[in-house]
Amino acid sequence: MRALARAIGSLGYVGFLKPAPGTWGSAAALPLAALVHYYGGFYLLAALTVVAFVIGWWATKIITSGARGSKDHDPSWVVIDELVGQWIALFPVSLAAEHLDMEIFTFWPGWITAFLLFRLFDIVKPHWVGAMDELGTPLGVMLDDVVAGIYAAGGVLGLAYLYHEVI
């Protein structure tokens with residue numbers, strides 16, 4: 001069971017790439033999101049994000065058992081949370097592509113923006129991102145990236161509005 005949790009938590013061992021395993025995990029999430037969107041659109045991406053969250057929480061519980069509140073409560077190689085957060089950051093891009101019936105890569109600036117904003121919020125950990133991280137629990141490991149993804153999605157929407165409506 002621990003080996004399966006390790007494979008899931010590291011996103012197929014991507015989390016062991018150096019340097020910056022979180023960035024590698026976020027980067028690995030991009031082509032997976034494109035594939036999911038291609039075959040099932042936004043709603044499949046949203047549903048699989050929930051599934052990935054639940055499975056990631058389970059894997060993180062196993063990986064970090066006995067580490068509550070310690071430095072080891074969020075090992076750097078656990079990057080399933082980055083996949084979840086990155087996919088949430090891509091929700092506006094996927095939803096726009098679906099509703100406008102356009103290829104998802106037409107929105108390439110949104111992909112880049114989602115990636116960069118998610119990484120920024122995940123690293124800097126502003127307000128609620130940091131609060132979730134400080135929980136020191138497996139749920140906190142997952143939730144800090146969920147909140148970072150929500151912040152990034154908001155940033156994608158805000159910047160898209162500025163570009164399309166203001167500039």
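Any Cβ shown, glycine's included, is placed from N, Cα and C.
If you look up TrEMBL, you'll see 8-158 marked as domain 'YutG/PgpA'. The transmembrane segment annotation in TrEMBL covers 39-59, 104-121, 141-163.
When Cβ-Cβ distances below 8 Å are used as the criterion, the transmembrane segment (104-121) is approached by residues 22-23, 26-27, 30, 34, 37-38, 85-86, 89-90, 92-94, 96-97, 129, 147-149, 151-153, 155-156, 159-160, 163 of the same chain, each at least six residues removed from its ends. On the 0 to 100 pLDDT scale, the model's mean across the domain 'YutG/PgpA' (8-158) is 95.
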